[in-house]
Amino acid sequence: MIPEISHLLAILAAGLFLFSLLVILTSSALSSSDSIIRLSLNCFNAATIFLISAFILYVYLAVMDDFSVKYIAMHSNSDLPIFYKISSIWSSHEGSMFLWILFLSIWLWLFVNRLDPQSNLFRYVIFFSAMVLLFFLLFLLVTSSPFERILPLAPINGGDINPVLQDPALVIHPPMLYLGYVGFAVPFVYICAYLADGEFRQGWETIIQKWSLYAWAFLTLGIGLGSWWAYYELGWGGYWFWDPVENVALMPWLAATAFTHSIHASTKSGVLKSWTLFLGLSVFILSLFGAFIVRSGIIDSVHSFANDPQRGLTLLLITGVIALISFGLFSFRSTKIVNSRLVVSGSKESFLSLNNILMITSIFSVFLGVIYPLITQYFYSTKVSIGPPYYNTIFAPLIFIAACFIALSVESKWQRKWKLTETLSKLGIPILISCFLTFIVQSFHQYSVSLIQMIGLFSGTFIISIYAFKLLMNLVNREFINWSSAVSHLGFGLLLFSIAVNSIFSYEKNLKLNVNEEYISEELEISFDDLSLQDESNHQRIIAQINMKIHDKVISFSPEKRKYFTRGQVTSETDIEATFLRDIYINIGEQLDDGSWTFRVQFNYLIKWIWFSVLLMILGILIRSRAIV
């Protein structure tokens, strides 16, 4: 009975979103009175409450092991801890789409109810919000229903969640990512409303700026959690694989970063207004494109959910319709939008403009890397793989140069040309520090560091040193400190710096050892001392006991393989010795025919700094959001 109630509430929510939409459509013909607008708002609010209630009931079904619901029976198990039962809801396509739509409705509900109902844009905001929600809720109910029942013979214990997903980070990672993706629906619907209204009043940027910053923070946290999980769980020792699904998460993040900077420029100096509107629409459209890639089954990825082409085609159609409506409005109205000022060469907004151009070019390079294999496979039946070499050659230099433009903007002013001698006097020390450190690292490695690694190291060091120097001078002179800018950009500089150092200094050794066998080299000794088996409730553990002697210090490791009974799946669990500067990472591989085992031993430098830098960027953005009224 409860599954039917949950299903019915979702259907009622769709009906109310439709009614809210129709009320707005007919209001101009009937009356534009407050009562009509209030009716539409009440329907929208009721629909959101129904949808939230439907999801709460669905969570109850998962926790109570109601395996008469097909989706829960396939992706949950009675032996799972309660938080994995809950997270099983978003472990596959139908449930994750349900969560995605829930977050979309909550974001838009909060935004709509913060607006003034007397505003000229209010009716348009309701209209576009209800339209987007209706499209995706119908997609869920018609093509991807999580409410389907298995009657009368429901399984007793259910299926099981993928063992790789039975991890605390994976309980949090998808919700954070979805909150980021759909959070940009707020600026999207407001920009659509702004364009549809056509009055182009001043101050629209400040209304959506805080919402955009919150969405950016969630998206950044989601991507950071995903890379952290991949590092310690998947067993290959990296944090970013340039997987197509990783890339479609990166594209809206890059667009959102450009968008938040562009909003700032538009607010401060009255420039880039049309460009800012275009970026605001593009972020959400790129998020929808990512949803299509993940859920269409057209790519093979550890992240992909669905393999139903019909669903993919429907999702592509919805994305296309929303893109056509929004960009159609932009094309029709943007020519009437006039910047109050022009971009001054050498000013802060000029550097932000150059940064934006490079950001968009980098997005296009990633987009090309995602769709080119799909095009060749569709038209030529040829499988093409585009991996790290392409992105390191095309994407990385663009981001590093864009980072330098961000750093240069620190000593520039809004609407004022920079004075070369004055600027160079302030940038001289950061430039010297960056050049010196890059030279030292190159010399240490006997000039074997690649050009890309050098540019990355230089740009990261340059951003850190210029912001640190600026912060120090402001503290000494007791001048105003823009803490949000300093913290977030120091975080971004640290991200580039730690990525560069990690790629330059990290190395790995692949070993083949029998039990009681040793590997000895000049810098370390590794002994494979024992191999044991342990049976758990749902899997068997094969645990290797490894001892490593390095710099007269002995470190013990216990990497393991797990064989899961329900699925028959085998996973590897790494063991990591983490320090401030370096991680030692050991992963157990396969057993060979001669009885020996393979091991991957990695020395990863500054790897933890990458995730610390992500937290710094988020902290800076949150500080900035608190300053916005």
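Each residue, glycine too, has its Cβ placed from N, Cα and C.
Curation plays no part in TrEMBL annotations; they are all automatic predictions.
These come from TrEMBL:
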TRANSMEM  6-27  transmembrane segment
TRANSMEM  39-61  transmembrane segment
DOMAIN    90-296  domain 'Cytochrome c assembly protein'
TRANSMEM  95-112  transmembrane segment
TRANSMEM  124-142  transmembrane segment
TRANSMEM  176-196  transmembrane segment
TRANSMEM  211-232  transmembrane segment
TRANSMEM  244-263  transmembrane segment
TRANSMEM  275-293  transmembrane segment
DOMAIN    320-622  domain 'Cytochrome c-type biogenesis protein CcmF C-terminal'
TRANSMEM  353-375  transmembrane segment
TRANSMEM  390-411  transmembrane segment
TRANSMEM  447-469  transmembrane segment
TRANSMEM  481-505  transmembrane segment
Under 8 Å Cβ-Cβ from the transmembrane segment (447-469), and at least six residues away from its ends along the same chain, one finds 392-393, 396-397, 400-401, 403-404, 406-407, 410-411, 426-427, 429-431, 433-435, 437-438, 441, 485-486, 489-490, 492-501, 503-504
For the domain 'Cytochrome c-type biogenesis protein CcmF C-terminal' (320-622), the averaged pLDDT of the predicted model is 91
Interface check, the transmembrane segment (244-263) with the transmembrane segment (176-196), three or more C-beta pairs under 8 A:
yes
Note: vs the transmembrane segment (176-196), the recorded stretch with the largest number of Cβ pairs under 8 Å from 39-61, 124-142, 211-232 is 211-232
Other same-chain positions with a Cβ less than 8 Å from the transmembrane segment (211-232) and lying at least 6 residues past its termini are 107, 111, 167, 169-170, 172-181, 183-184, 186-187, 238-241, 246, 249-250, 252-253, 256-257, 259-260, 263, 280, 574, 576, 607, 610-611, 614-615, 617-618, 621-622, 624-625, 628
